[in-house]
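Asks: Before anything else, here's the structure in question.
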Amino acid sequence: MSSSGMPDLPAPLTNIKIQHTKLFINNEWHESVSGKTFPVFNPATEEKICEVEEADKEDVDKAVKAAREAFQMGSPWRTMDASERGQLIYKLADLIERDRLLLATLESINAGKVFASAYLMDLDYCIKALRYCAGWADKIQGRTIPVDGEFFSYTRHEPIGVCGLIFPWNAPMILLACKIGPALCCGNTVIVKPAEQTPLTALHVASLIKEAGFPPGVVNIVPGYGPTAGAAISSHMDVDKVAFTGSTEVGKMIQEAAAKSNLKRVTLELGAKNPCIVFADADLDSAVEFAHQGVFTNQGQSCIAASKLFVEEAIYDEFVQRSVERAKKYVFGNPLTPGVNHGPQINKAQHNKIMELIESGKKEGAKLECGGGPWGNKGYFIQPTVFSNVTDDMRIAKEEIFGPVQQIMKFKSLDEVIKRANNTYYGLVAGVFTKDLDKAVTVSSALQAGTVWVNCYLAASAQSPAGGFKMSGHGREMGEYGIHEYTEVKTVTMKISEKNS
């Protein structure tokens with residue numbers, strides 16, 4: 001254990017044999033009904049890792065049936081003490097911690113994450129999130145209500161039922177924990193669809209679900225494509241809730257499918273273009289580093305990236321200079337290699353989309369300060385890119401890039417920057433850097449975002465709720481608010497012969 005409290009960084013595993021490639025339904029491994037499989041690739045080498053069974057509508061039906069049976073009244077899961085549910089989630093967290101090295105290595109191979117980041121950050125958050133949710137299992141309580149008349153009234157927080165959980169490829173272990181932790185601690189059963197690009201860690205966790213002792217059907221994991229498996233979950237008449245993290249475009253489709261089917265409950269965490277505002281009185285060293293990490297962590301593949309950076313005019317030139325110097329310090333290569341701190345984008349499609357947006361920045365008049373091109377002959381690498389002289393009407397200032405591209409815009413006044421920062425369809429997170437407390441309070445109150453970080457960035461924790469305003473989605477994940485997204489409140493009122501205070 002290091003002095004910072006983080007575990008020491010071991011070497012990644014070598015020559016991993018992929019053990020789990022089938023669908024996990026009812027605590028058993030299944031081939032797909034259609035017999036189809038799909039390839040999974042290493043984005044650093046472009047090599048195929050393995051083939052994984054491809055879930056389709058028929059497989060989703062099987063998973064939903066198993067989940068529904070596990071949720072029936074009188075089932076082992078429904079009759080289990082809440083404290084025991086919590087113990088199962090604690091056990092799962094312990095098993096993930098036991099297999100932390102394997103999971104971090106898989107995450108690096110399959111998702112292109114720098115190994116140190118996967119091991120120290122992603123797996124750390126995953127384990128903490130599950131333990132946080134485990135602690136909530138026997139603390140979800142209703143209330144007694146002093147209603148008028150000779151009645152006794154109280155509320156129950158009941159599990160919603162069968163929940164479909166769909167998440168993307170950029171942080172598979174974090175997103176898995178943020179979905180299954182709250183759902184399971186409240187007593188729901190789940191159908192998990194990991195991204196087709198990165199299913200391997202979720203499938204390993206499936207084996208740990210069984211090892212931990214969860215009853216059959218409580219957790220089902222069905223890798224597949226969005227238009228087939230994802231659509232089947234979203235439109236299924238026997239799924240009671242769907243929680244989705246991904247693009248706004250797909251989020252709209254999921255909400256529409258939910259409405260047109262059984263009006264299932266929906267939680268959405270969608271796209272973003274997050275403002276990060278640096279005032280002239282900020283600690284410049286700290287602001288440069290936080291803003292830098294905010295956009296370049298995980299090669300910019302983050303919904304909470306600091307992708308719309310506003311810097312006050314008086315410090316603009318120095319801020320740009322320091323940001324460029326910082327962006328030039330990366331070491332590229334296979335993310336499993338010691339010393340490498342910049343990995344690939346997830347696939348060719350994402351790589352090409354990012355490069356197209358970089359080219360748009362050049363054509364629309366932004367000044368390319370560094371980067372701006374691909375790197376290497378193999379893998380989907382893009383150089384960390386910094387643009388200055390960016391204006392609000394440019395595509396790189398308006399569109400979610402989801403890549404290692406920092407665009408730095410200039411502002412003159414507080415009122416101006418608040419208006420510009422809010423001039424977006426999105427509202428997920430924001431950052432503010434200033435030593436002036438009044439300014440910090442004013443700006444954080446005015447920004448239309450679900451999370452505002454002051455003099456920090458990427459300071460996410462399992463104890464705090466996360467979610468978006470506007471087209472960044474609705475509902476919250478993690479924290480107490482995120483737990484209650486997975487319950488229905490029932491009021492029970494009974495007639496009594498006499499009521500006394």
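Keep in mind that glycine also has a Cβ here, set from the backbone N, Cα and C atoms.
Annotations per Swiss-Prot:
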- Asn170: site 'Transition state stabilizer' (SITE)
- Gly246, Ser247, Thr248, Glu249, Val250, Gly251: NAD(+) binding site (BINDING)
- Glu269: active site, proton acceptor (ACT_SITE)
- Cys303: active site, nucleophile (ACT_SITE)
Asks: Taking the Cα atoms as reference points, how far is Cys303 (active site, nucleophile) from Glu269 (active site, proton acceptor) in Å?
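Replies: Pair distance, Cα basis, whole Å: 9 Å.
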Asks: What three-state secondary structure does DSSP assign to the residue listed as 'active site, proton acceptor'?
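Replies: It is in a strand.
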Asks: What residues, ordered by sequence, lie under 8 A Cβ-to-Cβ from Gly251 (NAD(+) binding site) and sit at least six positions away in the same chain?
Replies: Phe244, Leu268, Leu270, Gly271, Gly473
Asks: Taking 8 Å from the centroid of the Cβ atoms of Gly246, Ser247, Thr248, Glu249, Val250, Gly251 as the cut-off, which other residues in that chain fall inside it around the NAD(+) site?
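Replies: So the additional residues around the site are Phe244, Lys252, Met253, Ile254, Leu270, Gly271.
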Asks: I need the most crowded of these recorded positions: Asn170, Ser247, Thr248. Count other C-beta atoms within 10 angstroms of each C-beta and give me the top one.
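Replies: Of the recorded positions Asn170, Ser247, Thr248, the highest Cβ count within 10 Å belongs to Asn170.
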Asks: Least buried of the recorded positions Val250, Cys303, going by other Cβ atoms within 10 Å?
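Replies: Minimum Cβ neighbour count within 10 Å, taken over the recorded positions Val250, Cys303, occurs at Val250.
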Asks: Could you check what DSSP calls Val250 (NAD(+) binding site) once collapsed to helix, strand or coil?
Replies: helix
Asks: Go through Glu249, Glu269, the listed recorded positions, and name the one with the sparsest Cβ surroundings, counting other Cβ atoms within 10 Å.
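Replies: Taking Glu249, Glu269 as the recorded positions, the minimal 10 Å Cβ count falls on Glu249.
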Asks: How many other Cβ atoms are found within 10 Å of the Cβ atom of Gly246 (NAD(+) binding site), counting all protein chains shown?
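Replies: Step by step: centre on the Cβ of Gly246 (NAD(+) binding site), count other Cβ atoms within 10 Å, giving 24.
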Asks: May I ask for the distance between Glu269 (active site, proton acceptor) and Asn170 (site 'Transition state stabilizer'), taken between their Cα atoms and rounded to an integer number of Å?
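Replies: Cα of Glu269 (active site, proton acceptor) to Cα of Asn170 (site 'Transition state stabilizer') measures 13 Å after rounding.
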Asks: Round to the nearest Å and give the CA-to-CA distance linking Gly246 (NAD(+) binding site) with Asn170 (site 'Transition state stabilizer').
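Replies: That separation, Cα to Cα, works out to 10 Å.
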Asks: Taking only the binding-site residues Ser247, Thr248, Glu249, Val250, which one has a CA atom nearest to the CA atom of Asn170 (site 'Transition state stabilizer')?
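Replies: In terms of Cα distance, Asn170 (site 'Transition state stabilizer') lies closest to Ser247.
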